[in-house]
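Participant: This is the structure I want to talk about, given as structure tokens.
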Amino acid sequence: MGIAGRDMDTTTDVYPYLAFVMLFKLVIFVFEAFLDFRQYAKFKDMQVPADIRGFVKEKVFKDSQAYNKDMKKFSIIKSFVDFVWEMASLYFLLLAFIWEYEAGIAYIGLDPTNEIYKAFFTFFCLYMISTVMSIPWSLYSNFVIKQKHGFNTMTLKLFITDLIKSSILVVILMAIVIPLIVKIIEWGGEHFYLYLFTFVVIFTFIMMWIVPNFIMPLFNKYEDVEEGDLKKKIYALADKLNFPLKKLFVVDHSQRSNHSNAYFFGFGSNKRIVLFDNLLKHLETDEIVAVVGHELGHWSMYHNLLNMIISFSSLFVTFYVFSFVIERDDILIDFGFTKHYNLVALLVFMEIYSPVDYIQNLIRTFITRIFEFQADRFANDLGYKKELMKGLIRLHIKNKANLNPDPLYATYHFSHPELVERLRALGDFHDIITSEELDKWEEEVKAKEEKEKVEKDKATKEEEQSLLKEGEGESEEPTEKLKED
């Protein structure tokens, strides 16, 4: 590869790459805004759709519509602000300005021409700008909208703690990854894309091991599921499918949100299943087993492996195409750069390559929808048809999921099929559960949540009193010693 920081040939013809990128982003923004307004109009409709009228009462539907309408309005405003900021950043060449602002690096005594230092400084600045800009949106989303609709259980202290932890982890990750990428491209020569791709694949597998085992426990508490009927049935299902289940965890997701989910992770014969604690409160035992059966369907049909192969294949093609343009000066010049750096070339290329990436994401969404239908059928074939149907209905109601999706919006955005599509694919669902049964279930869930809240408040109060007593005891010790002297 060329020398880092070399001067570029400014006499070369420059094509309007930047204008192309901005035009593409504008077209996508307008199209997605059109879809957003279509969906927003559906959220204003308070008439329960005929397909779900048998098990969704008007009040439940209106609550769901109100929550989704508030979230969509918020999303539309945020998308517009983000778009304006992105266009301004491109037009005023923000990336080039930060990259070539050498005073910031020189101020702390480092070589301002060193590509690694420049790259770290640039990524750090962009991350800090993005984080600071996102904080007001996150605060409003969690502590206003979700709080209003009963989803937010996060405290401000936890929000700040999460922000600090995640920021430290991102900075550490940047400090590790950036120098490696710079050196791999520099050392790799004309076949650098092979080495860069290999590095990303290896790093991905390393992170797949590190994240669930070391990083996620920094944010949540993972405990073994208590002995009982649920644990026995899940282990029995795993044995039946030859799924190498080593651990069954419950995670305290309720400290942040009332949403529910389940997933598995791990390599080879060391698989672990994680259940959100909310899931244990929201669903009955056999319904939870049905949800786990759905997840194991993804494993049995190699969906995760296929997704990984698709992603890695796409990444290889991206790096290979990049190898043909890495030395092109005209591209960097159009984005405001005065010197050639390999990492800058990669960043700018990713912007120009965004239309291809956009199409690939649409294809991935379509494939994921197919996988979800297949996993549902897998749970159905295990004998959990009714339980899965009931579980899906309860989860959609409890999570206040979109019960009235616009068809075009859903086709474009939804990686998981909408509720009615999934139920219809499983069979006749209209008599699977009544609204009266759901009312009774809602009352039981509320009773559980209220009891848990009382117990949690009591435990917190006892902990505060214990800390207060310890503090008083420590403050009295010097006084006693002074009296003895």
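Any Cβ shown, glycine's included, is placed from N, Cα and C.
Quick paste from TrEMBL:
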TRANSMEM  14-35  transmembrane segment
DOMAIN    39-221  domain 'CAAX prenyl protease 1 N-terminal'
TRANSMEM  79-99  transmembrane segment
TRANSMEM  119-145  transmembrane segment
TRANSMEM  166-185  transmembrane segment
TRANSMEM  191-211  transmembrane segment
TRANSMEM  305-326  transmembrane segment
TRANSMEM  341-359  transmembrane segment
ACT_SITE  Asp376  active site, proton donor
COMPBIAS  443-485  compositional bias 'Basic and acidic residues'
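Distances, neighbours, how buried they are, the whole picture for these features please.
Facilitator: Counting only same-chain residues 6+ beyond the ends of the transmembrane segment (14-35), those with a CB under 8 A from a CB of the stretch are 76, 79-80, 83, 86-87, 90-91, 330-331, 333-335, 348, 351-352, 354-355, 358, 406, 408-409, 412-413.
Long-range contacts of the transmembrane segment (79-99) within its own chain (CB-CB distance under 8 A, at least 6 residues past either end) are made by residues 18, 21-22, 25-26, 29, 32-33, 36, 118, 121-122, 125-126, 133, 335-338, 341, 344, 347-348, 351.
Here the transmembrane segment (119-145) has Cβ contacts under 8 Å with residues 67, 70-71, 74, 78, 85, 95, 98-99, 101, 104-105, 152, 154, 156, 159, 163, 167, 170-171, 174-175, 178-179, 182, 341, 343 of the same chain, all six or more residues outside its ends.
Listed by sequence, the residues of this chain that lie at least six past the ends of the transmembrane segment (166-185) yet keep a Cβ under 8 A from its Cβ atoms are 1, 4, 115-116, 119-120, 123-124, 127, 131, 192, 195-196, 199, 203, 215, 218, 326, 342-343, 346.
Here the transmembrane segment (191-211) has long-range neighbours at 1, 177, 180-181, 184-185, 265, 267, 312, 315-316, 319-320, 322-323, 326, meaning same-chain residues at least 6 beyond its ends whose C-beta is under 8 angstroms from one of its own.
Proximity of distant same-chain residues to the transmembrane segment (341-359), defined by a Cβ-Cβ separation under 8 Å and at least 6 residues beyond the stretch ends, is recorded for 1-2, 4-5, 17, 20-21, 24-25, 28, 90, 95, 99, 115, 118-119, 178, 181-182, 185-186, 318, 321-322, 325-328, 331-332, 335.
When other Cβ atoms within 10 Å of the Cβ of Asp376 (active site, proton donor) are tallied across all protein chains shown, the result is 25.
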